[in-house]
Amino acid sequence: MSTMVYPREEKLDKLSQEEIISNTKLVMQGLEALKNEHNSILHSLLETIKCLKKDEEANLVHEKSSLLRKSVEMIELGLGEAQVMMALSNHLNAVESEKQKLRAQVRRLCQENQWLRDELANTQQKLQRSEQTVAQLEEEKKHLEFMNQLKKYDEDVSPSEEKEGDSAKDSLDDLFPNEEEEHGPGSPRQHSSAVAGAQQGGYEIPARLRTLHNLVIQYASQGRYEVAVPLCKQALEDLEKTSGHDHPDVATMLNILALVYRDQNKYKEAAHLLNDALSIREKTLGKDHPAVAATLNNLAVLYGKRGKYKEAEPLCKRALEIREKVLGKDHPDVAKQLNNLALLCQNQGKYDEVEYYYCRALEIYESCLGPDDPNVAKTKNNLASCYLKQGKYKDAEVLYKEILTRAHVKEFGSVDDEHKPIWMHAEEREEMSKSKHRDSAPYAEYGGWYKACKVSSPTVNTTLRNLGALYRRQGKLEAAETLEECAVRSRRQGIDPINQTKVVEILKEGDGTERRRSLGGSVKYENATDGSEE
């Protein structure tokens with residue numbers, strides 16, 4: 001008779017699923033063998049019962065057969081349970097495999113979801129860039145439409161609008177010099193610093209940056225810095241991506257952004273950008289390039305606005321040396337640099353140097369651009385201001401009269417009894433008022449010359465007011481009123497009260513040298529009448 005093999009009880013708790021299955025199969029084999037053995041014994045007992053005659057023996061055999069039947073039933077029950085366990089094991093395996101499939105699908109869906117998120121983020125960035133580009137193009141379109149309208153109404157522009165445009169343009173004049181303004185109609189054309197820079201260093205400011213510059217100064221003149229600054233930053237970022245940081249175009253864009261910051265009085269940020277631009281230009285173009293001189297000049301003007309005149313002066317002198325070396329000592333850009341250097345020295349009380357620089361600039365302008373160039377009048381006006389601070393009132397008066405006489409001659413061709421400059425009319429009225437024969441003639445009899453000669457520059461207007469203030473200082477009240485009335489009527493919206501106030505304060509001071517020097521503490525570099533260019 002076969003024997004059943006059972007696993008040891010102490011190991012049942014430690015069996016894995018595979019071991020349980022293998023042991024169950026082994027038990028099923030044993031139970032099958034035991035069942036077959038019991039069936040054979042039961043069959044033999046039934047055969048024996050048929051042959052037996054005695055009742056006692058037959059009863060005993062019946063009892064044994066009953067026990068065997070119960071044993072067979074128990075074996076069949078065990079086999080059924082083993083089969084259930086096997087079926088349960090197969091079901092668990094199927095569930096586990098399905099679980100693994102689902103996990104794989106979840107991982108794949110997560111990957112696809114992440115990829116879709118990345119694609120969405122990239123698409124949103126592209127959309128944002130496209131919207132910014134569209135906004136910039138819309139602004140450029142508006143600017144071009146505005147410029148076309150201006151061309152139609154150039155002759156009707158008011159003096160105040162002209163002055164604002166001149167001031168905004170002068171603030172970036174050294175980056176993009178305008179050849180048409182630098183040369184008079186009858187003078188020979190000179191090479192601008194941009195052209196000379198191209199000849200010397202092989203670099204010229206690209207046309208797209210010039211266009212961007214014009215757009216930026218248009219926004220700056222309107223006070224729309226929220227448009228001008230992002231426009232500069234976006235252009236700077238694009239240039240750095242395409243050309244790298246150390247490129248002359250990047251330096252040019254840094255200059256433009258720095259000057260916009262300076263107009264907003266953000267001097268710290270402007271100084272950082274200008275120093276960065278200076279380093280790039282020195283590295284890429286050389287230390288003697290006109291573009292380097294332009295950046296040095298802008299940095300010097302920035303220091304001057306912050307009152308750091310001693311730090312600004314060596315920068316301005318270095319810019320002057322570069323321009324003299326590259327452009328020649330008689331170039332108009334050299335005269336511009338001399339004007340700025342004179343302003344810095346004037347704020348430090350170095351009046352001998354101031355007179356030298358202004359006189360030299362005046363000689364260059366008169367020889368290169370002619371006596372009728374606006375820069376000649378500006379420089380004379382600045383030199384007269386220097387004379388006022390030193391108490392040289394006669395010298396200042398001579399220069400003011402020269403400016404007004406030149407404006408008169410430019411219109412009428414000569415000075416005669418019928419066509420006298422306005423200052424002569426003013427002095428005649430002064431003499432008549434003292435002799436008790438005050439001239440009651442209306443202003444229009446001799447004031448129409450100013451409107452006719454179309455002299456609407458801030459320099460001539462300021463000269464009228466400054467000479468009027470000087471006449472008041474000398475006690476010539478009637479002459480002063482005449483000039484001031486002419487200035488007000490000729491350009492009511494173009495009056496320069498800041499410069500006038502400075503001159504009046506200078507003239508009201510006593511003869512003390514120290515008190516006169518204390519008035520030179522603030523120079524308005526952005527004002528065209530101060531003769532500076534940036």
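Easy rule for this one: first residue shown is 1, then count along the chain.
Keep in mind that glycine also has a Cβ here, set from the backbone N, Cα and C atoms.
Automated prediction, rather than curation, is the source of TrEMBL annotations.
Summarising the annotation, TrEMBL assigns coiled coil to 85-147.
The region 'Disordered' feature in TrEMBL is assigned to 152-198 (among others).
Summarising the annotation, TrEMBL assigns compositional bias 'Basic and acidic residues' to 152-172.
DSSP places the residues of the repeat 'TPR' (251-284) in helix, strand and coil in these numbers: 31 helix, 0 strand, 3 coil. If you look up TrEMBL, you'll see 251-284 (among others) marked as repeat 'TPR'.
In terms of DSSP helix, strand and coil, the repeat 'TPR' (293-326) has 31 helix, 0 strand, 3 coil. The repeat 'TPR' annotation in TrEMBL covers 293-326 (among others).
According to TrEMBL, the feature region 'Disordered' maps to 510-534 (among others).
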**Request:** Grab the same-chain neighbours of the repeat 'TPR' (251-284) for me: Cβ-Cβ under 8 Å, and only residues 6 or more beyond its ends, written as numbers and ranges.
**Result:** 171-172, 175, 203, 205, 209, 212-213, 216, 220, 225, 228-229, 232-233, 235-236, 239, 245, 291-292, 294-296, 298-299, 302-303, 305-306, 526, 534
